[in-house]
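According to Swiss-Prot:
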- His155: active site, proton donor/acceptor (ACT_SITE)
- Lys159: active site, proton donor (ACT_SITE)
- Gly10, Pro11, Arg12, Gly13, Arg14, Met15, Gly99, Thr100, Thr101, Ala125, Pro126, Asn127, Phe128: NAD(+) binding site (BINDING)
- Lys38: NADP(+) binding site (BINDING)
- His156, Gly165, Thr166: (S)-2,3,4,5-tetrahydrodipicolinate binding site (BINDING)
Amino acid sequence: MKEMKVIIAGPRGRMGHEAVLLMERTEHFNLVAAVDYKHGGEKISDLPGMPALDAPIYADLHTCLEEVEADVLLDLTTPEVGKQHVTLAVERGLRSVIGTTGFTEEELKQLTETAKEKAVGTIIAPNFAIGAVLMMKFSQMAAKYFQDVEVIELHHDQKLDAPSGTAVKTVELIRQNRESKQQGHPNEVEQLEGARGANVDGIHIHSVRLPGLIAHQEVMFGGDGQMLTVRHDSFNRASFMSGVKLSIETVMNLDHLVYGLENIID
């Protein structure tokens, strides 16, 4: 397979660290640079626990793109920074794989239009775990037969956004196979605000944030005399790397924006 030159934004995070290790062990990936505002001017090998890679670190993406030739930007930063990075990448014609969440419908619409206009491949993935993507697809299938459903997503207590992008994407897929319906008793009253979680077209999403968790979600379907639970658990960040690898390889052949790994797996 042809060599792919990759820039990683956010190498110091747990996901970023796993991604650097992925670069090291994948023959056709070449980490040509990283972006980290705290370590501009250093090399990847200067960071604690990193492999001996000489890729330079830049304090900002704009400077990095001025000096480095790359095929793909892999962004694993925060939601706000990720939005800035993908916008810049698309405008510059650089393919990007974005692992941050929190995009609004309007932001996705604008990015989709710009990516199409520029003919630049872009993948935004709420979840890189292949198992999580299958969990979403199975939930979409089940929604055709079970109209009553609620979603519980559980993550580590350092996650900044709630509900998770995976939960939101799951509900979007379920809605495609489910008529609009308010879940629960029509006259129910919350004695404490938020007790029933977020409400998306009648589907409730409950967010849990605790130390010790990584990324987990269960989708609970209820029916007469039965219940179906579809659950996925990520126990470490290595679970996301197969999806990261697939995304980088796939985005090279795209000329538009794709939202969600379920749209690129067979």
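In case you wondered, yes, glycine gets a Cβ from its N, Cα and C as well.
Just so it is clear, the model here is predicted, and its values are computed rather than measured.
Cβ-based crowding with a 10 Å cutoff singles out His155 as the top-ranked of the recorded positions Lys38, His155, His156. Counting other CB atoms no more than 10 Å from each candidate's CB, the binding-site residues Thr101, Thr166 peak at Thr166. Largest CA to CA distance in the NAD(+) binding set (Gly10, Pro11, Arg12, Gly13, Arg14, Met15, Gly99, Thr100, Thr101, Ala125, Pro126, Asn127, Phe128): 20 Å, whole number. Annotated pair Gly99 (NAD(+) binding site) and His156 ((S)-2,3,4,5-tetrahydrodipicolinate binding site), C-alpha to C-alpha distance, rounded: 16 Å. The Cβ of Pro126 (NAD(+) binding site) lies under 8 Å from the Cβ of Thr101, Ser164, Gly165, Thr166, Val168, Lys169, Gly260, each on the same chain and at least six residues away in sequence. In this structure, the CA atom of the residue listed as 'active site, proton donor' is 12 Å away from the CA atom of Arg14 (NAD(+) binding site). Cα proximity to the residue listed as 'NADP(+) binding site' (within 10 Å) is found for none of the binding-site residues Arg14, Phe128, His156. Under the DSSP three-state reduction, Gly165 ((S)-2,3,4,5-tetrahydrodipicolinate binding site) is assigned to helix. Looking at Phe128 (NAD(+) binding site) and the residue listed as 'active site, proton donor/acceptor', their Cα atoms lie 15 Å from each other.
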